[in-house]
Amino acid sequence: MTRLKHTSQFRNPEGQPLSNRSKQHAAKHASAEGSAKSGPRLLQRLGPGLITGAADDDPSGIATYSQAGAQFGYGLLWTVFLTLPFMIAIQLVSARIGRVTGKGLAANVLQLAPRWIVLGLVSLLVIANTFNIAADIAAMAEALSLVIGGLNHEHALIFAAGSTLLQVFVPYRRYSPVLKFLTLTLFAYVATAFTVKIPWGTALLAAVWPKATISADYFLMVVAVLGTTISPYLFFWQASQEVEEMNQGKRDKPLRDLPSGGGLEIARIKADTIVGMLLSNSIAFFIILTTASVLNGNGITRINSATEAAEALRPLAGDFTFALFALGIIGTGLLAIPVLAGSAAYAVAETFGWHATLEAKPEKAVGFYTIIAAATIIGFGLGFTGIDSIHMLVWSAVLNGIVAVPVMAMMMLIVSSRAIMGRFKARSRLVALGWLGTAIMALAVLALLDSSAIG
């Protein structure tokens, strides 16, 4: 009887006995799942979701949240709660696709759309990411100059070169913990909020019971916050990071190829993603809170960059608050640039069928690393063109919006497909939330395009 019970564990969904090789995979995965229950703590199991969420709060995002707080005070705190469920849903879809199929997002989208359409979307993604990298490098350089002095271009060169060299020459298994560590820099913005005087009662009331402000500027800022929070580079990055993690040997087979199990992997992805997105939006909340209290409270209602927000805080809140805010810009930029460049490289490489992994040596993935280096170097070079950072951010936002909506729609089709996802196709609740987020994003993009045309 014991023997029968043991062998029954190694049958496929149709009840037929598995081959010896399949038995080994099933036993290995069951062992991994069992150790996951009792072994690592939650923090140790966090990875792609945590890093993705933290990378969303890049210097460009900080500028958007700072402007929201400066211009409308506590009136937009509620937006971080609005965007959270949609952000979680779409990133869950992204991670699920990567882990279940063992392929990145672009490779999966190619199953639904002609290559020329995918190539067009990926090209826009690369351009948008490059503009975003340019704005982030400029903000980091300005922030470091404010803290220690020196020339902006020298600091920008250090950041661009350092980021490129680390991505190209340090393997993923060693580089990933560095990115994970950099997520801690986000807590500078939590600390900043507690160095200034905040009327907590007023702020929290505005967050849960906002006063309606009917104006074009208010609506466009809501759109800007939504677009900053839900960005296509995050979709591509998290899906590819799940593939990277799978290939490290911890979880070395796509879930759809497993004869059984996989539930704990989906649970890990869910926990990792929820924690990452909660962190991301919590930091956005504290940035809006701080700038609303200090800047809006003192009549400063226009902020064009994250470093401008830091400078404005100095005379009003003191050197310590200024330093925390400025150092946060540098830390988040160090985290975001690899994500922006890496997501572009994953997308291009998957579209052309190139080898795409941060674990490979440079000579084994020339095309992949060329895209990483080119996006970062061109982003650095744009700082010498005289183009204002705020204009680059606007262009990036418009391009991201154009890319985001069709990619989100295709992601929802993929995650709903039993042919692609097998028994791991998404449940109706996740599908409904994902499609609702896609519809809201489409409306936001139309509003953004309309405002850009008018402006």
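A Cβ is built for glycine as well, from the same backbone N, Cα and C atoms used for every other residue.
According to TrEMBL, the protein carries these features:
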COMPBIAS  9-21  compositional bias 'Polar residues'
REGION    1-41  region 'Disordered'
TRANSMEM  75-95  transmembrane segment
TRANSMEM  116-135  transmembrane segment
TRANSMEM  179-198  transmembrane segment
TRANSMEM  218-236  transmembrane segment
TRANSMEM  274-295  transmembrane segment
TRANSMEM  322-346  transmembrane segment
TRANSMEM  366-387  transmembrane segment
TRANSMEM  393-416  transmembrane segment
TRANSMEM  428-449  transmembrane segment
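Only residues 6 or more beyond the boundaries of the transmembrane segment (322-346), in the same chain, are considered here, and those with a CB under 8 A from a CB of the stretch are 51-52, 54-55, 57-59, 62, 104-106, 125-126, 129-130, 132-133, 136-137, 139-140, 143-144, 146-147, 159-160, 163-164, 166-167, 175, 179, 182-186, 188-189, 191-192, 195, 233-234, 236-237, 240, 290, 306-307, 309-311, 313-314, 356, 358, 368-369, 371-372, 375-376, 379. Annotation: stretch 116-135 has the most Cβ pairs under 8 Å to the transmembrane segment (366-387), among 75-95, 116-135, 218-236, 274-295, 428-449. Tallying C-beta pairs under 8 angstroms between the transmembrane segment (218-236) and each of 75-95, 116-135, 179-198, 274-295, 428-449 places 75-95 first. Touching of the transmembrane segment (393-416) and the transmembrane segment (274-295) is ruled out by the presence of fewer than three CB pairs under 8 A, sequence neighbours closer than 6 excluded. Sequence-distant contacts of the transmembrane segment (428-449), counting only residues of its own chain at least 6 positions beyond either end whose CB sits under 8 Å from a CB of the stretch, comprise 85-87, 89-90, 92-93, 219-220, 223-224, 226-227, 230, 397-398, 401-402, 404-405, 408-409, 411-412, 415-416.
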